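Taken from TrEMBL, the feature domain 'G-protein coupled receptors family 1 profile' applies to 39-287. For 23-46, 58-77, 89-116, 194-218, 239-257, 269-289, the entry in TrEMBL reads transmembrane segment.
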């Protein structure tokens, strides 16, 4: 049993070692990545250039799109290249980088989704005080706090994960470096990382509860609206947000709470897709296809080019 060093190499086992399945995986991931890339870049461009979209809601949405763009770029391109080249290795430093940036972006996204739920709560439940509460300075402070909290969480996870020696075959049964798989390679129980994971899950659960409470107030207010069009607009804006949050957090909770099986499980790979690939791809579709302001901005941009 050899300890790992900074010059070691990990093997990302991925979905299969069958060449045809590797090619299929690469094609599907490439199409998904391109869809996420184009969708998030479209939202970032529109919310930056269209002055009608310079509101707190779209300020947060632009930051969410940037996070999603970075989050999917941390794991998917490397997995695509490994499958196409039939070369499933990643360096020790590359693995450390994936862990750090994944937790930086994922933790920041959880915090930002919480902020977005608060923004919708204020907009719907306290519309007359919205401009005062959600001023530009307050929005910038909320986003900055989200990034700082994500950075601290990433440092703790990265430091604690690689703080003790790892032994055995350097095989990670995943398409990217994920903490549960790395913990299974540790020579002994990594108490520090388990404590950090526990604290992160508690904080994430707290964010989830805060989001749920916000939407309870939102839906109770929406149901009392006299305008049918107003109710429809509020629900169509909030339900997609709640769906993304639930999918993102529930799949993450499952991955980090359930014990790893002794033999590789396809279920673990599929669950990881739901918190690494699906949210960055679905967010642009949900917010652009169901949002009249985004559609209008996109149409205006197209007409100007024509």
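Placement of Cβ uses the backbone N, Cα and C atoms for every residue, glycine included.
Keep in mind that TrEMBL annotations are predicted by a computer and have not been checked by a curator.
Since the structure is predicted, the reported quantities are computational estimates derived from the model, not experimental observations.
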| Would the transmembrane segment (89-116) count as touching the transmembrane segment (23-46), if touching means at least three Cβ pairs under 8 Å and pairs must be 6 or more apart in sequence? | no
| message | Given a Cβ distance threshold of under 8 angstroms, which distant residues of the chain, six or more beyond its ends, lie next to the transmembrane segment (269-289)? | response | 14-15, 29, 32, 35-36, 38-40, 42-43, 61, 64-65, 68-69, 71-72, 75-76, 102, 106, 109, 173-176, 178, 240-241, 243-244, 247-248, 251-252, 254-255, 295, 298
| request: Let me know the model's mean pLDDT on the domain 'G-protein coupled receptors family 1 profile' (39-287). | output: 86
| said: For the transmembrane segment (58-77), give me same-chain residues lying six or more residues beyond its boundaries with a C-beta closer than 8 angstroms to one of its C-beta atoms, as numbers and ranges. | reply: 29, 32-33, 36-37, 39-41, 43-44, 47-48, 98, 101-102, 105-106, 108-109, 112-113, 115-116, 119, 139, 143, 146, 175-176, 276-277, 279-281, 283-284, 287, 293
